[in-house]
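**Q** Pulled from Swiss-Prot, these are the listed features:
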type: SIGNAL; residues: 1-19; note: signal peptide
type: DOMAIN; residues: 20-85; note: domain 'LCN-type CS-alpha/beta'
type: DISULFID; residues: Cys31-Cys84; note: disulfide bond
type: DISULFID; residues: Cys35-Cys60; note: disulfide bond
type: DISULFID; residues: Cys44-Cys65; note: disulfide bond
type: DISULFID; residues: Cys48-Cys67; note: disulfide bond
type: MOD_RES; residues: Asn85; note: asparagine amide
Amino acid sequence: MNSLLIIAACLALIGTVWAKEGYIVNYHTGCKYECFKLGDNDYCLRECKLRHGKGSGGYCYAFGCWCTHLYEQAVVWPLPKKKCNGK
């Protein structure tokens, strides 16, 4: 019984530690969503939740919206074969 609890705890921890993170990206331009208020940011939190679900979090990091706790298939910046503004 103890072994089962330890295994379940490890699986939960792995899911938490290895959750995907990254900048949300505009699929049309290939650019990150910009923000100017660094740290906790309502705009970034709202955009992350809108695009990636209720479980995600977000804040402004290096003038881009950084999302946390994303599902593995979430698309984040940089997009393959697409540079920001076509550059």
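From the backbone N, Cα and C atoms, a Cβ is placed for every residue, glycine too.
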**Q** Do you know the DSSP helix, strand and coil residue counts for the domain 'LCN-type CS-alpha/beta' (20-85)?
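**A** Summed over the domain 'LCN-type CS-alpha/beta' (20-85), the classes give 13 helix, 21 strand, 32 coil.
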**Q** Going by Cα-Cα distance, pick out whichever of the recorded positions Cys31, Cys35, Cys60, Cys65, Asn85 is nearest to Cys48 (disulfide bond).
**A** Cys65
**Q** Rounded to the nearest angstrom, how far is the Cα of Cys65 (disulfide bond) from the Cα of Cys35 (disulfide bond)?
**A** 6
**Q** Can you tell me which disulfide-bonded residues out of Cys31, Cys44, Cys60, Cys65 are within 10 A of the residue listed as 'asparagine amide' by Cα, answering none if there aren't any?
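**A** The disulfide-bonded residues passing the 10 Å Cα test are Cys31.
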**Q** Give the number of CB atoms, excluding that of Cys48 (disulfide bond) itself, located within 10 Å of its CB.
**A** 25
**Q** Pop the Cα-Cα gap between Cys44 (disulfide bond) and Cys60 (disulfide bond) into the table, whole Å please.
**A** 6
**Q** Using C-alpha positions only, work out which of the disulfide-bonded residues Cys44, Cys65, Cys67 is nearest to Cys31 (disulfide bond).
**A** Cys65
**Q** Sorted by position, what residues of the same chain at least six away from Cys84 (disulfide bond) have a C-beta under 8 A from it?
**A** Thr29, Gly30, Cys31, Lys32, Pro78
**Q** Would you mind giving the whole-number mean pLDDT across the domain 'LCN-type CS-alpha/beta' (20-85)?
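**A** Per the prediction, mean pLDDT sits at 90 for the domain 'LCN-type CS-alpha/beta' (20-85).
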